[in-house]
Amino acid sequence: MADQTQNPELFELNNGTMQVLISNLGCTITSLSVPDKDGKLADVVLGFDSLDPYLKGLSPYFGCIVGRVANRIKDGKFTLDGEQYSLPINKPPNSLHGGKEGFDKKVWQVSEYKKGENPSITFKYHSADGEEGYPGAISVTATYTLTSSTTMRLDMEAIPENKPTIINLAQHTYWNLGGHNSGDVLNHSIQLWANHVTPVDENTVPTGEIMPVKGTPFDFTSEKKIGTSIHEVGMGYDHNYVLDCGDEKSGLKHVAKVKEPSSGRVLNLWATTPGVQFYTGNYVNGVVGKGGAAYGKHAGLCLETQGFPNAVNQPNFPSVVVKPGEKYQHTMLFEFSVE
């Protein structure tokens, strides 16, 4: 396939109520502004003012789509159809978020860009056989659409072209509903429609166990402040939750409800995946972001809907193998409101 090189740039989706800036570099959301209870707009995602810091590798996955396989693959090794594959160990001792140069660091092609009441943008990327050690070529598309005044939808698709492979895409935005520059998120409350979590080893890789959250600091089955039990879980939350009890609408499961008390902003997230990585920005430290804002530990929270981490090496986890003739599909719906 001819490589159509495009320059990294920013594109705006604006429906008169919410405004989103997205780059073709990694399909990255660099800014997303929604109103608070008084109608005041604030930018609620962590990021940088220009694309330069993203290009220089200064971003801890702010706002991007990660792949070909999100999260950790233990020791960067897996076997598929009897063949062993080795991936870059970019987060020792594991491979993380697709390797040294994952989908977040690629310039995608803009294949469609629509303005108007329901503005949308579609990005395409062709990942070659052997890229970052993964087998098989795949073609990937990601479409962001403002579906209503305060709702954004993301549709991700990937099609294997010639051989079976593993695919697990995730959207890695760091949210702070008080505004990106408003301090830490420990005062946000969150509810997760998950009765189970996948416990991890010392290198943040799931052990294979599926553990009930009841009676543990991981329990967010009813709304709870993030800061309540965070000190009982080491550095903070960085765990895959099993989405097994959410109500459904139009094929999407309720993943999470996040609320920030002073602004009244609420985010309800819906998705199609079996799991979500709930991450509280534990490794963010002294990052200088938009408008000179200093982002420290817990400056944002991520809700990365996903297949389970290291699923390829855990037979009891839902499979992330996708074969030619099949299609990987992953939809997320971000509904903003105020309470």
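Using the three backbone atoms N, Cα and C, a Cβ is placed for every residue, glycine included.
The active site, proton donor annotation in TrEMBL covers His172. The active site, proton acceptor feature in TrEMBL is assigned to Glu304. Annotated beta-D-galactose binding site per TrEMBL: Asn71, Arg72, His172, Thr173, Tyr174, Asp238, in sequence order.
Taking the features listed in TrEMBL, we show where each one sits on the structure.
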residue : record                        : contacts (Cβ under 8 Å, 6+ apart)
Asn71   : beta-D-galactose binding site : Leu96, His97, Asn168, Ala170, Asn240, Gln277, Glu304, Gln306, Pro309, Asn310
Arg72   : beta-D-galactose binding site : Lys91, Asn94, Ser95, Leu96, Asn203, Thr204, Val205, Pro309, Asn310
His172  : active site, proton donor     : Tyr61, Phe62, Gly63, Cys64, Ile65, Val66, Ala70, His97, Asp104, Cys302, Glu304
Thr173  : beta-D-galactose binding site : Ile29, Leu32, Val45, Leu46, Phe62, Gly63, Cys302
Tyr174  : beta-D-galactose binding site : Val45, Leu46, Phe62, Gly63, Gly281, Val284, Ala299, Gly300, Leu301, Cys302
Asp238  : beta-D-galactose binding site : Val200, Thr204, Gln277, Phe278, Tyr279, Thr280, Asn282
Pairwise Cα distance maximum in Å, beta-D-galactose-binding residues per record: Asn71, Arg72, His172, Thr173, Tyr174, Asp238: 18
Neighbour tally for Glu304 (active site, proton acceptor), based on other Cβ positions within 10 Å of its Cβ: 24
